[in-house]
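Lifted from TrEMBL, the feature list:
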- 6-22: transmembrane segment (TRANSMEM)
- 34-53: transmembrane segment (TRANSMEM)
- 73-94: transmembrane segment (TRANSMEM)
- 106-124: transmembrane segment (TRANSMEM)
- 144-174: transmembrane segment (TRANSMEM)
- 186-203: transmembrane segment (TRANSMEM)
- 215-238: transmembrane segment (TRANSMEM)
Amino acid sequence: MTAGLPLSALVILPIVGVFLWLDRWERERPRSLASAFAWGASIAAFCAIWSQAGLQAVVDSTMGTDVGAWVRPLIITPVTEEVFKGLFLVWLLIHRRRRITGLLDGIVYAGLVGAGFSFTKNILYFGRAVTTFAASDTSDAKAIAVLGITFFLRVVLVPFMHPFFVSVFGLGIAASVNKHRGGARIGLPIAGLLVAIVLHGVWDWAGLAASDPFLIYKIYGAVMVPVFLAMVILALVLRRREGKVITEALPALARDGHIAPEEVALLANLGERRRWRRDVRRRAGRAAARATARYQAEASALGIRTTRAQATGDRDGLDEQARMTAGARRGMLGALEASNA
């Protein structure tokens, strides 16, 4: 299976890069993002694999293997995989609720969980395909076809599938954060999970239809591509809106003393933020640059919460975010002073 590791990494790195790019305006803590990926790549992936094997054995022994051949891809696989991936988001909602400041955070965290899950699954798929091919006659047309189909599916058709499915659940989780009615706070995550399971089940069902070998491509084009494009458009709109909200909130943050007036222009442009961090790294080192990045992220989060409080009157988390921003600023200034000592 080690042969699948570099191939899986090659496929997954651009996907991780996309989600980190979406997160550039209000960067989440690197440790939290890494935890999301690690959860998907380890606990979620292995728990899903083990539970599927156990549930499949139960179904086969009670209903027969013919029924089991359909139950696993239609019910067992979608439910176990989406639930185990989504448990990280549930934990985030319960224990780190304040870190979710908008719908885009739900997409980013969920997408990284799905990327981690896909990374591990692809190691297994690629490793199995390469091992089978290496053990066969390399001129065997069937072995070549299996290897080619595996690469086509994993590299072209499905690299975003696991991140996409769980991102639907992530939207439900993020949408529930600012809801105060119990029905919405519970119903939105459940609805997101159910939609993710159904989409996953439809995709797996397409691969079962032996009577139409092209059905999987029809489903891909007719269902998955439009829904996926809708998610992409939504993510881009949310990213643009987040940048606009943050930029418009900065002057008020400066007037209230949360940020320095000269920092407004620096924080209002992603390129200026990057140059700011680069200059700090050159003058004061990596630790100071990381502290600057943290301050930029906390100031952005404060801008989002301030705008929400002004629009809705909901001040939940605003005072805490103001304290976190002040603490991040002190940390940045302290790192800069330490470098000059």
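Glycine is treated like the rest: Cβ placed from N, Cα and C.
TrEMBL entries are annotated by machine, without manual review.
Quantities reported herein were computed from a predicted structural model and do not represent experimental measurements.
Most Cβ pairs under 8 Å to the transmembrane segment (106-124), among the stretches 6-22, 34-53, 186-203, 215-238, belong to 34-53.
For the transmembrane segment (186-203), the residues of the chain that approach it from at least six positions outside its boundaries are 73-75, 77-79, 81-83, 86, 89-90, 93, 161, 164-166, 168-173, 175-176, 179, 219-220, 223-224, 227, judged by C-beta separation under 8 angstroms. Sequence-distant neighbours of the transmembrane segment (6-22) (same chain, 6+ residues past either end, Cβ-Cβ under 8 Å): 33, 37, 104, 107-108, 111-112, 115, 118-120, 122-123, 126, 130, 154-155, 159-160, 163, 235, 239.
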